[in-house]
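Features reported for this protein in TrEMBL:
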type: TRANSMEM; residues: 7-29; note: transmembrane segment
type: TRANSMEM; residues: 76-94; note: transmembrane segment
type: TRANSMEM; residues: 106-123; note: transmembrane segment
type: TRANSMEM; residues: 143-168; note: transmembrane segment
type: TRANSMEM; residues: 180-205; note: transmembrane segment
type: TRANSMEM; residues: 232-254; note: transmembrane segment
type: DOMAIN; residues: 257-358; note: domain 'DUF6545'
Amino acid sequence: MWPHDHMPLWATASATAFIVLITIIRVALTRHASIFGHLTNTVIALNASAAVLREPVVARNLAGVVPGGLPTVFDAWHWLTLLSWACGLGMALLHEYGPTRYRYRFRIVIGLSALVGLAFLILSHPARAQGLPSIANHGDWQFAVYFGLYTGLPAVITSYYFILLYKGALWRTTTWWERITVAAMVGLGLATLLPLGTIAAAGVLDLAGVDDAFRLTYTRVAGELASGEAGLFVYAAVVVVFIPTSAQAVLRLLRLDQESRTVRRLSPIWRDLTAAAPQVVFRLKWADSWHGSPRERLHRRRMEIHDAAEIVARYVRPLPDAVDELIDTVVAEADQEDMRLVAELVLAARYLADHGGEPPGEPTAYWADVPDERTLRRLWQPARSLALAPDYAHPVVAGRVSVGGG
């Protein structure tokens with residue numbers, strides 16, 4: 001409800017751009033969220049939209065094309081803000097009543113919020129009819145009711161959060177990230193109540209006919225807070241809470257997160273073993289594979305390595321003497337036994353891969369030791385270098401591994 005600009009454009013536009021950027025990243029890249037996560041994304045998306053409509057340069061341009069001009073733009077801004085608070089109440093209801101029982105209560109809250117949005121349009125009609133920038137400029141009882149509806153829900157929700165906090169229900173069965181989000185919502189509520197309370201007190205002083213320096217100063221401060229600029233910067237500070245999850249989402253998109261890095265480290269092992277036992281690979285459509293979470297890709301990669309290693313291990317044979325002696329010579333004594341197991345697996349994988357995963361001979365065993373993942377990751381490349389070195393090429397003849405070139 002700003003009557004004019006209070007702060008320079010670069011300051012408010014920068015804060016708005018920051019809010020919108022973090023919102024776009026989080027909403028676009030965290031699609032596998034929980035119910036709480038979906039509500040969180042909805043809250044920040046609604047607040048980001050409200051912040052855009054609040055920006056004077058945007059509001060003035062929209063006023064030229066939106067029926068009703070600035071009062072309608074302000075109604076949309078205030079209604080989106082109110083909807084975000086309604087979703088915030090939904091987060092509290094989710095924790096108190098659970099994912100099933102909270103739904104019909106949340107629908108009631110959203111329905112009431114929709115009715116309040118309609119009331120905003122009705123109450124601001126005099127401002128549109130008189131060509132005023134907002135209902136605040138019109139005043140009278142319409143503004144009092146408008147202001148009461150706009151401030152009532154944040155006050156109720158913040159009080160409700162504190163009741164749940166007192167009861168201990170707010171923190172029950174929540175993750176640390178949910179707790180941080182809820183704490184940010186409580187902080188935003190307190191920060192929102194301050195300017196709203198200031199505006200309300202200014203209105204009371206004005207109605208009481210108080211006409212002194214204190215009342216004039218108080219009214220001026222209230223008018224500046226009504227511009228929404230204070231709330232914009234408070235919300236920008238709250239959005240900082242979402243930077244870590246947004247950064248993680250970007251890392252997942254670029255495959256730079258921890259799970260994706262582990263998948264890459266396992267790739268050489270996976271390639272060798274699945275070339276030997278291609279039947280273990282679960283082929284996904286490209287779209288399904290791309291949209292799968294890094295955790296899902298890592299789990300699938302580990303399962304395929306484990307299954308392929310179990311098959312390959314049935315075809316292991318004693319190492320060539322030259323390779324065995326080389327392990328004795330160049331490998332630390334503590335790692336020699338593990339290196340032999342891994343090298344045997346490497347040779348068996350090459351043998352099976354050379355035959356397209358369908359070897360002509362029978363398995364040498366129906367069960368064999370398979371090194372754990374940590375050992376495979378640590379020793380696979382060294383074992384591969386030792387066992388598959390040119391001097392120790394290993395053509396398989398009638399089930400025997402012979403050393404080529406010597």
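A Cβ is built for glycine as well, from the same backbone N, Cα and C atoms used for every other residue.
Remember, TrEMBL labels are computer predictions, not curated facts.
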Might you confirm whether the transmembrane segment (106-123) is in contact with the transmembrane segment (7-29), defined here as three or more C-beta pairs under 8 A between residues 6 or more apart in sequence? no
Over the span of the domain 'DUF6545' (257-358), count residues by DSSP class, listing helix, strand and coil in order. 82 helix, 0 strand, 20 coil
If I take every residue in the domain 'DUF6545' (257-358) and average their pLDDT values, what number comes out? 86
